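K.L.:
Below you will find the structure I want to go over with you.
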Amino acid sequence: MDEIAVIKCGGSIIDNLSDRFFDNIKQLQQNGIQPIVVHGGGPAIQDMLGKLDIPFSFIDGLRTTSAEAMDVVEMVLAGHVNNAITRKMNTAGVQAAGFSGSDANLMTGAPKDLPTYGYVGDVSGINVPFLLQILDQGIVPVIAPIAAGKNGDRYNINADSAAGAIAQAINAEKLIFVTDVPGIITEEGLLPSATEAEIEELIAKRVIHGGMIPKVKAALACLNEDLPTVMIADANQAINQAGFTGTAIKRSEEAV
Ligand SMILES: Nc1ncnc2c1ncn2[C@@H]1O[C@H](COP(=O)(O)OP(=O)(O)O)[C@@H](O)[C@H]1O
Ligand SMILES: CC(=O)N[C@@H](CCC(=O)OP(=O)(O)O)C(=O)O
(Lines of atoms letter the chains of each structure in order from A and count residues from 1; the text may use other names and numbers.)
(Lines give C-alpha, C1' and ligand atoms only; values in the text may rest on other atoms or scores of the structure.)
(Ligands and ions follow the chains in the order given, each with its own letter.)
Protein backbone atom coordinates (compact mmCIF):
# COMPACT_ATOMS: atom_id res chain seq x y z
CA MET A 1 0.00 0.00 0.00
CA ASP A 2 1.12 3.57 -0.70
CA GLU A 3 2.37 5.73 2.13
CA ILE A 4 -0.05 8.31 3.52
CA ALA A 5 0.90 11.90 4.40
CA VAL A 6 -1.50 14.09 6.38
CA ILE A 7 -0.91 17.76 5.62
CA LYS A 8 -2.50 20.28 7.93
CA CYS A 9 -2.83 23.62 6.20
CA GLY A 10 -3.08 26.45 8.73
CA GLY A 11 -5.58 29.27 8.49
CA SER A 12 -2.64 31.69 8.71
CA ILE A 13 -1.53 30.77 5.18
CA ILE A 14 -4.73 29.70 3.41
CA ASP A 15 -5.22 33.04 1.64
CA ASN A 16 -1.55 33.14 0.61
CA LEU A 17 -0.98 29.63 -0.74
CA SER A 18 1.31 29.80 -3.75
CA ASP A 19 1.55 27.42 -6.71
CA ARG A 20 4.32 25.68 -4.76
CA PHE A 21 1.83 24.32 -2.23
CA PHE A 22 -0.18 22.61 -4.96
CA ASP A 23 3.00 21.46 -6.74
CA ASN A 24 4.07 19.87 -3.46
CA ILE A 25 0.83 17.87 -3.29
CA LYS A 26 1.47 16.67 -6.86
CA GLN A 27 5.10 15.87 -6.00
CA LEU A 28 3.98 13.69 -3.07
CA GLN A 29 1.60 11.80 -5.35
CA GLN A 30 4.39 11.29 -7.90
CA ASN A 31 6.55 9.91 -5.07
CA GLY A 32 3.84 7.28 -4.33
CA ILE A 33 2.49 9.11 -1.29
CA GLN A 34 -1.25 9.64 -0.82
CA PRO A 35 -1.97 13.08 0.68
CA ILE A 36 -4.85 13.92 3.01
CA VAL A 37 -5.34 17.65 3.60
CA VAL A 38 -6.84 18.93 6.86
CA HIS A 39 -7.32 22.68 7.03
CA GLY A 40 -7.80 25.35 9.68
CA GLY A 41 -9.36 28.76 9.24
CA GLY A 42 -8.92 30.64 12.51
CA PRO A 43 -8.49 34.09 10.88
CA ALA A 44 -11.61 33.66 8.68
CA ILE A 45 -13.67 32.54 11.71
CA GLN A 46 -12.33 35.52 13.64
CA ASP A 47 -13.40 37.94 10.88
CA MET A 48 -16.92 36.55 10.63
CA LEU A 49 -17.49 36.41 14.40
CA GLY A 50 -16.31 40.04 14.54
CA LYS A 51 -18.65 41.10 11.74
CA LEU A 52 -21.59 39.40 13.47
CA ASP A 53 -20.56 40.70 16.89
CA ILE A 54 -20.51 37.23 18.44
CA PRO A 55 -18.25 37.05 21.51
CA PHE A 56 -15.61 34.39 22.14
CA SER A 57 -12.34 34.03 24.02
CA PHE A 58 -9.32 31.76 23.80
CA ILE A 59 -8.42 29.33 26.58
CA ASP A 60 -5.11 27.51 26.05
CA GLY A 61 -5.24 28.32 22.33
CA LEU A 62 -8.79 26.97 21.91
CA ARG A 63 -11.66 29.21 20.89
CA THR A 64 -14.60 29.05 23.30
CA THR A 65 -17.57 28.26 21.08
CA SER A 66 -21.17 29.10 22.02
CA ALA A 67 -24.06 27.55 20.05
CA GLU A 68 -24.26 30.81 18.07
CA ALA A 69 -20.51 30.80 17.39
CA MET A 70 -20.66 27.11 16.38
CA ASP A 71 -23.03 28.00 13.52
CA VAL A 72 -20.45 30.50 12.27
CA VAL A 73 -17.49 28.12 12.74
CA GLU A 74 -19.28 25.45 10.70
CA MET A 75 -20.36 27.91 8.01
CA VAL A 76 -16.86 29.34 7.62
CA LEU A 77 -14.85 26.10 7.83
CA ALA A 78 -17.11 23.58 6.06
CA GLY A 79 -18.61 26.16 3.71
CA HIS A 80 -16.26 28.93 2.71
CA VAL A 81 -12.73 27.69 3.51
CA ASN A 82 -13.22 24.04 2.56
CA ASN A 83 -14.77 24.91 -0.79
CA ALA A 84 -12.09 27.48 -1.56
CA ILE A 85 -9.13 25.13 -0.93
CA THR A 86 -10.77 22.20 -2.69
CA ARG A 87 -11.53 24.33 -5.74
CA LYS A 88 -7.97 25.68 -5.85
CA MET A 89 -6.60 22.14 -5.71
CA ASN A 90 -8.78 21.00 -8.61
CA THR A 91 -7.84 24.13 -10.58
CA ALA A 92 -4.18 23.27 -9.98
CA GLY A 93 -4.76 19.80 -11.42
CA VAL A 94 -4.99 17.81 -8.17
CA GLN A 95 -8.22 15.79 -8.01
CA ALA A 96 -9.61 16.74 -4.61
CA ALA A 97 -12.95 16.40 -2.79
CA GLY A 98 -13.94 18.50 0.21
CA PHE A 99 -15.62 17.12 3.31
CA SER A 100 -16.78 18.47 6.59
CA GLY A 101 -15.35 16.19 9.28
CA SER A 102 -18.94 15.42 10.21
CA ASP A 103 -19.76 13.95 6.76
CA ALA A 104 -20.10 10.15 6.87
CA ASN A 105 -18.98 10.40 10.52
CA LEU A 106 -15.50 10.91 9.09
CA MET A 107 -14.58 12.46 12.45
CA THR A 108 -16.66 11.95 15.60
CA GLY A 109 -16.15 13.94 18.76
CA ALA A 110 -17.32 14.63 22.27
CA PRO A 111 -17.33 17.90 24.20
CA LYS A 112 -14.02 18.75 25.85
CA ASP A 113 -15.67 20.52 28.78
CA LEU A 114 -19.03 22.06 27.85
CA PRO A 115 -19.29 24.63 30.70
CA THR A 116 -15.76 25.95 30.00
CA TYR A 117 -15.33 25.70 26.22
CA GLY A 118 -18.86 25.31 24.85
CA TYR A 119 -18.96 23.30 21.60
CA VAL A 120 -15.21 22.61 21.44
CA GLY A 121 -14.63 18.91 21.02
CA ASP A 122 -12.05 16.19 21.39
CA VAL A 123 -11.88 13.65 18.58
CA SER A 124 -13.30 10.27 19.59
CA GLY A 125 -13.18 8.40 16.27
CA ILE A 126 -12.19 8.53 12.59
CA ASN A 127 -13.99 6.68 9.78
CA VAL A 128 -10.82 5.12 8.35
CA PRO A 129 -12.56 2.81 5.78
CA PHE A 130 -14.32 5.85 4.28
CA LEU A 131 -11.04 7.78 3.96
CA LEU A 132 -9.28 4.75 2.43
CA GLN A 133 -12.03 4.46 -0.20
CA ILE A 134 -11.47 8.07 -1.21
CA LEU A 135 -7.69 7.60 -1.36
CA ASP A 136 -8.12 4.40 -3.41
CA GLN A 137 -9.77 6.49 -6.11
CA GLY A 138 -6.74 8.76 -6.35
CA ILE A 139 -8.72 11.61 -4.78
CA VAL A 140 -7.20 13.91 -2.15
CA PRO A 141 -9.67 14.37 0.72
CA VAL A 142 -9.77 17.95 2.02
CA ILE A 143 -11.22 17.93 5.54
CA ALA A 144 -12.72 20.72 7.66
CA PRO A 145 -12.16 20.17 11.42
CA ILE A 146 -15.81 19.73 12.45
CA ALA A 147 -16.69 16.55 14.34
CA ALA A 148 -20.09 14.86 14.50
CA GLY A 149 -21.36 14.31 18.03
CA LYS A 150 -24.27 12.37 19.49
CA ASN A 151 -27.86 13.41 18.68
CA GLY A 152 -26.87 15.52 15.70
CA ASP A 153 -24.53 17.82 17.65
CA ARG A 154 -21.28 19.00 16.09
CA TYR A 155 -18.07 20.22 17.62
CA ASN A 156 -15.34 22.70 16.78
CA ILE A 157 -12.03 20.82 16.76
CA ASN A 158 -8.68 22.59 16.72
CA ALA A 159 -7.35 21.82 13.24
CA ASP A 160 -3.91 20.72 14.49
CA SER A 161 -5.59 18.18 16.82
CA ALA A 162 -7.91 17.00 14.02
CA ALA A 163 -4.92 16.40 11.72
CA GLY A 164 -3.07 14.53 14.49
CA ALA A 165 -6.08 12.31 15.21
CA ILE A 166 -6.54 11.50 11.51
CA ALA A 167 -2.81 10.74 11.06
CA GLN A 168 -2.83 8.39 14.05
CA ALA A 169 -6.05 6.61 13.10
CA ILE A 170 -5.02 5.98 9.49
CA ASN A 171 -1.42 5.07 10.43
CA ALA A 172 0.00 7.85 8.28
CA GLU A 173 3.75 7.71 7.74
CA LYS A 174 3.95 11.50 7.69
CA LEU A 175 2.22 14.42 9.37
CA ILE A 176 3.20 17.93 8.32
CA PHE A 177 1.75 21.13 9.75
CA VAL A 178 2.25 23.70 7.01
CA THR A 179 1.95 27.29 8.14
CA ASP A 180 3.18 30.87 7.59
CA VAL A 181 6.58 30.34 9.27
CA PRO A 182 9.39 27.91 8.32
CA GLY A 183 9.16 26.07 11.67
CA ILE A 184 9.98 26.87 15.29
CA ILE A 185 12.16 29.97 15.40
CA THR A 186 14.39 30.84 18.36
CA GLU A 187 17.10 33.49 18.90
CA GLU A 188 19.47 31.14 17.07
CA GLY A 189 17.18 30.91 14.06
CA LEU A 190 15.13 28.00 12.71
CA LEU A 191 15.30 24.86 14.86
CA PRO A 192 15.89 21.83 12.60
CA SER A 193 14.46 19.57 15.31
CA ALA A 194 12.93 19.83 18.78
CA THR A 195 12.24 17.25 21.49
CA GLU A 196 9.45 17.31 24.06
CA ALA A 197 11.81 18.60 26.78
CA GLU A 198 13.14 21.38 24.50
CA ILE A 199 9.61 22.40 23.57
CA GLU A 200 8.50 22.58 27.22
CA GLU A 201 11.47 24.85 27.92
CA LEU A 202 10.73 27.10 24.92
CA ILE A 203 7.08 27.42 26.01
CA ALA A 204 8.17 28.30 29.56
CA LYS A 205 10.53 30.97 28.14
CA ARG A 206 7.70 32.22 25.87
CA VAL A 207 9.83 31.69 22.78
CA ILE A 208 7.00 29.43 21.64
CA HIS A 209 3.76 31.35 22.10
CA GLY A 210 0.33 32.01 20.56
CA GLY A 211 -0.79 29.72 17.76
CA MET A 212 2.46 27.75 17.90
CA ILE A 213 1.47 26.29 21.30
CA PRO A 214 -1.53 24.16 20.14
CA LYS A 215 0.56 23.13 17.13
CA VAL A 216 3.50 21.74 19.12
CA LYS A 217 1.13 20.18 21.68
CA ALA A 218 -0.87 18.43 18.95
CA ALA A 219 2.40 17.24 17.38
CA LEU A 220 3.68 15.80 20.67
CA ALA A 221 0.31 14.18 21.44
CA CYS A 222 0.27 12.11 18.27
CA LEU A 223 3.90 10.92 18.19
CA ASN A 224 4.26 7.15 18.47
CA GLU A 225 6.40 4.31 17.10
CA ASP A 226 4.71 4.48 13.70
CA LEU A 227 4.87 8.28 13.56
CA PRO A 228 8.19 9.18 15.21
CA THR A 229 8.39 12.74 13.86
CA VAL A 230 5.95 15.50 12.95
CA MET A 231 7.11 18.42 10.79
CA ILE A 232 6.23 22.08 11.16
CA ALA A 233 7.04 23.70 7.83
CA ASP A 234 6.50 26.62 5.47
CA ALA A 235 3.51 25.86 3.22
CA ASN A 236 5.05 27.55 0.19
CA GLN A 237 8.48 25.91 0.11
CA ALA A 238 9.58 23.76 -2.81
CA ILE A 239 9.88 20.19 -1.54
CA ASN A 240 12.37 17.66 -2.87
CA GLN A 241 12.58 13.86 -2.70
CA ALA A 242 13.24 14.09 1.05
CA GLY A 243 9.98 15.95 1.55
CA PHE A 244 9.32 19.06 3.62
CA THR A 245 12.03 21.03 5.42
CA GLY A 246 11.26 22.73 8.73
CA THR A 247 11.30 21.73 12.39
CA ALA A 248 11.03 17.99 13.07
CA ILE A 249 9.26 17.39 16.38
CA LYS A 250 10.41 14.22 18.13
CA ARG A 251 9.74 12.69 21.52
CA SER A 252 13.48 12.42 22.24
CA GLU A 253 16.88 12.71 20.52
CA GLU A 254 16.85 8.96 19.74
CA ALA A 255 13.74 9.17 17.56
CA VAL A 256 14.44 9.25 13.84
N1 LIG B 1 8.84 30.22 18.31
C2 LIG B 1 8.03 30.44 17.29
N3 LIG B 1 8.46 30.18 16.03
C4 LIG B 1 7.67 30.43 14.97
N5 LIG B 1 6.41 30.94 15.06
C6 LIG B 1 5.91 31.19 16.28
C7 LIG B 1 6.69 30.94 17.46
N8 LIG B 1 5.96 31.29 18.54
C9 LIG B 1 4.79 31.73 18.08
N10 LIG B 1 4.73 31.69 16.74
C11 LIG B 1 3.59 32.13 15.94
O12 LIG B 1 2.85 31.02 15.52
C13 LIG B 1 2.24 31.36 14.28
C14 LIG B 1 1.71 30.11 13.61
O15 LIG B 1 0.57 29.67 14.34
P16 LIG B 1 -0.89 30.00 13.79
O17 LIG B 1 -1.00 31.45 13.47
O18 LIG B 1 -1.90 29.40 14.70
O19 LIG B 1 -0.82 29.20 12.43
P20 LIG B 1 -1.81 28.29 11.63
O21 LIG B 1 -3.04 29.12 11.35
O22 LIG B 1 -1.00 28.01 10.40
O23 LIG B 1 -2.10 27.06 12.43
C24 LIG B 1 3.34 32.11 13.57
O25 LIG B 1 2.85 32.92 12.53
C26 LIG B 1 3.97 32.92 14.69
O27 LIG B 1 3.36 34.18 14.79
C1 LIG C 1 -11.35 24.82 19.04
C2 LIG C 1 -10.66 25.76 18.09
O3 LIG C 1 -9.91 26.63 18.51
N4 LIG C 1 -10.92 25.57 16.78
C5 LIG C 1 -10.35 26.38 15.75
C6 LIG C 1 -10.61 25.69 14.42
C7 LIG C 1 -9.86 26.30 13.27
C8 LIG C 1 -8.35 26.17 13.41
O9 LIG C 1 -7.82 25.42 14.21
O10 LIG C 1 -7.68 26.96 12.52
P11 LIG C 1 -6.12 27.31 12.48
O12 LIG C 1 -5.41 26.10 12.03
O13 LIG C 1 -6.07 28.41 11.51
O14 LIG C 1 -5.69 27.73 13.86
C15 LIG C 1 -10.94 27.81 15.75
O16 LIG C 1 -12.10 28.00 16.13
O17 LIG C 1 -10.20 28.73 15.34
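Any Cβ shown, glycine's included, is placed from N, Cα and C.
Values in this document were obtained by computation on a predicted structure and should not be read as measured data.
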K.L.:
Given that TrEMBL annotates GLY41, GLY42, ARG63 as binding substrate, state which candidate in ASN127, ASN151, ASN156, ASN171 belongs to that site as well.
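P.N.:
Record check against TrEMBL: substrate site with GLY41, GLY42, ARG63, extra candidate from ASN127, ASN151, ASN156, ASN171 is ASN156.
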K.L.:
Does anything in the same chain, at least 6 positions from GLY42 (substrate binding site), have a Cβ under 8 Å from its Cβ, and if so what?
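P.N.:
Set apart from GLY42 (substrate binding site) by at least 6 residues yet with Cβ under 8 Å, we have GLY10, GLY11, SER12, ARG63, ALA159, GLY211.
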K.L.:
Can you tell which of LYS8, ARG63, LYS215 has the most other C-beta atoms within 10 Å, given these are the recorded positions?
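P.N.:
Buried the deepest by this measure is LYS8.
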K.L.:
Name the residues of the same chain, 6+ apart in sequence, whose Cβ is under 8 Å from the Cβ of GLY41 (substrate binding site)?
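P.N.:
Correct list: GLY11, ILE14, VAL76, LEU77, HIS80, VAL81, ALA144, ALA159.
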K.L.:
Should GLY41 (substrate binding site) be counted as helix, strand, or coil on the basis of DSSP?
P.N.:
coil
K.L.:
Non-local Cβ contacts of ASN156 (substrate binding site) (under 8 Å, 6 or more apart, same chain)?
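P.N.:
Expected: ARG63, THR65, ALA69, MET70, VAL73, GLU74, TYR119, VAL120, GLY121, PRO145, ILE146.
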K.L.:
Whose Cβ lies within 8 Å of the mean position of the Cβ atoms of GLY41, GLY42, ARG63, ASN156, the substrate site, other than those residues?
P.N.:
GLY11, GLY40, ILE45, GLN46, THR65, VAL73, VAL76, LEU77, PRO145, ASN158, ALA159
